[in-house]
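First the structure, in the form of structure tokens, and then the observations on it.
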Amino acid sequence: MLSPSRRDFVSLTLSESGSYTNSKQWRRQSCWRKWKQLSRLQRSLILLTLMLLLVCGIATSPTLIEHWRADAVGGNRNDEKPQFVVDLKNEYRYILPEPPSERKDYRRRGPPVLQNRLQFKMNVSGLLEENHGLDLKNADKGSEGGKPIISWRGAVIEDEQASDTDTKDTENQDGTASLARAESRLEAVREAFRHAWKGYKDFAWGHDELKPVSKSYGEWFGLGLTLIDALDTMWILGLKEEFAEAREWVAKELSFDKNVDVNLFESTIRILGGLLSTYHLTGDLMFLDKAKDIGSRLMPAFNTASKIPYSDVNIGKGTAHPPRWTSDSTVAEVTSIQLEFRELSRLTGDTKYKLAVMEVMQQVHKLDGKQDGLVPMFINTNNGLFTHQGVYTLGARADSYYEYLLKQWIQGGKTENELLDDYLLAVEGVKKNLLNKSIPHGLTFVGELSHGHFSPKMDHLVCFLPGTLALGAHYGLPADHMELAKQLMETCYQMYAQMETGLSPEIVHFNMHEGSTKDVDVKIADRHNLLRPETVESLFYLYRFTQDKKYQQWGWEILQNFNKYTRVPTGGYTSINNVCDPAYPSPRDKMESFFLGETLKYFYLLFSEDPDLISLDKYVFNTEAHPLPIWPQAE
């Protein structure tokens with residue numbers, strides 16, 4: 001009797017146990033036992049996986065991200081998407097809203113945005129308010145009622161988006177309004193300069209370049225490049241206080257007695273040119289003395305067998321050498337130092353400077369290897385011959401050769417016909433070999449020629465050409481030079497206007513294939529903007545000679561976009577990596593000295609209605625925008 005009962009009991013127990021196999025309590029106990037059976041490593045991996053899944057789920061949730069963005073700009077939780085938001089996904093950006101004027105058909109282009117950027121964006125709204133106290137709730141109301149637009153960098157941008165027709169009508173009706181607008185634009189340039197100068201003074205004083213995002217500086221030669229480059233700009237803009245403190249630094253701190261290698265071309269156009277220009281504008285002999293010092297220290301570069309100068313000079317040791325990787329110099333560099341050294345000879349009475357640079361021009365004039373006046377990009381310092389022949393461009397390494405042909409002729413009182421002949425021949429060579437039109441809108445552009453093969457590649461540097469052509473036409477050269485200048489000016493403007501940020505990339509490729517829907521393509525590696533001056537420079541020349549207000553308006557648009565996408569709240573402007581992405585232009589953390597030396601100067605001259613402010617009948621600009629006097633013909 002006992003055995004059957006035990007079996008029944010055992011059977012009953014199993015049956016009862018089985019009846020609870022689906023209970024939550026049993027499942028919890030079973031899972032816990034299995035969890036405890038896992039090794040510590042296995043449990044850690046599982047927990048890590050679950051945490052990563054949770055984070056990814058949160059990061060990719062549009063609703064939650066929208067709430068975060070709303071919180072960052074002041075708790076905006078309306079159903080509509082806020083117009084002014086903080087992008088939490090992108091690094092090294094203080095505040096990056098979608099611009100108020102963003103086109104509806106905008107398509108994001110460029111490299112994919114990295115996702116793992118949240119760690120860089122903590123407390124961004126607090127940072128914005130701390131830096132410049134923006135009213136975020138009203139930040140995007142500038143397009144109504146004539147109120148200013150506040151950009152993502154904290155710049156105040158006046159609402160001037162009227163059409164050209166409206167602008168002309170208003171100006172015809174009211175000359176006073178036109179003068180007021182001109183003055184407001186001039187003041188906007190002065191304000192931009194003060195902001196850039198503030199960053200330089202606070203974080204890079206006495207050094208070569210400002211790194212505005214990291215609030216630090218970069219050195220190239222260790223000679224205060226930005227400060228010297230900006231001297232004549234401050235004088236022209238009437239910034240007396242800033243000029244006075246810069247002059248004091250030059251007088252007391254600037255010394256060229258340093259064991260440092262400098263680039264002959266860059267130090268000539270920026271330092272020697274800047275000092276000579278400032279001397280002429282101010283009459284201050286201290287600047288001339290400094291110019292004599294640096295000029296004499298650069299002369300060892302010409303101690304070569306060919307008389308073609310080396311690219312690098314040690315201004316402390318008095319030695320010179322080519323780059324470590326080649327014995328070549330670039331043609332643009334050795335033929336774009338003449339204005340400065342010629343002027344130094346005129347001022348000092350010492351002909352050695354002029355003779356050295358004119359020997360270079362005479363040799364280049366006689367060399368074989370040109371094509372219809374176009375020159376290759378490299379020249380050998382040992383034998384004085386062109387190298388890498390067959391490649392012709394008006395971009396990097398050749399550009400300012402053509403510019404200085406014309407400007408030396410003008411500087412010398414239009415007496416050196418050999419220079420003029422070379423310039424005229426080169427312009428015809430450009431027309432014959434490098435000019436083409438884009439599809440679909442027929443923009444005239446300057447491409448490149450490589451061993452007979454045409455490339456529709458155009459550097460932003462080429463945008464010096466409209467201004468140079470217009471300058472030549474002003475001095476009596478063929479009228480079709482001015483017509484070509486106007487066509488190329490339109491193209492250079494479109495290199496800005498067709499970009500999503502309204503800023504030009506470093507290089508564009510024009511479409512020439514039937515069926516193309518856009519004129520311009522930009523490769524990923526070419527999408528950066530370095531705050532370059534060439535387009536603004538040419539706008540200045542075109543406006544000065546034609547008085548067509550559209551050139552001022554184009555320049556104003558460009559200045560606004562510099563303020564929107566490159567201005568750093570704590571001071572300075574930064575070059576950017578991607579002009580095709582207004583949501584994340586990606587700051588490069590560098591303000592080149594030419595932004596103060598050239599870009600802002602040409603903006604100011606463009607907006608000025610005074611033709612005698614650096615009269616183009618009295619001055620010629622070097623390739624770094626430093627005005628030097630035109631010589632009386634008797635000289």
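Cβ atoms are placed via backbone N, Cα and C, with glycine included.
Reviewing Cys492, Cys580, the cysteine that TrEMBL connects to Cys463 via a disulfide bond turns out to be Cys492. A gap of 9 Å separates the Cα atoms of Cys492 (disulfide bond) and Glu534 (active site). Cys463 (disulfide bond) sits 5 Å from Glu534 (active site), taking the Cα positions as reference. In sequence order, Ile269, Ser336, Ser400, Glu403, Tyr404, Phe464 constitute the residues six or more apart from Thr623 (Ca(2+) binding site) in its chain with CB-CB distances below 8 Å.
Here the Cα atom of Glu534 (active site) is found 11 Å from that of Glu506 (active site, proton donor). Around Glu506 (active site, proton donor), the same-chain residues six or more apart in sequence whose CB sits under 8 Å from its CB are Asp459, His460, Asp526, Arg527, His528, Asn529, Leu530, Arg532, listed in sequence order. Taking Cβ-Cβ distances under 8 Å and a sequence separation of 6 or more, the neighbours of Glu266 (active site, proton donor) in its chain are Trp220, Phe221. Around Asp399 (active site), the C-beta neighbours below 8 angstroms that are at least 6 residues distant in the chain are Ala332, Thr393, Asp459, Leu461, Val462, Phe464.
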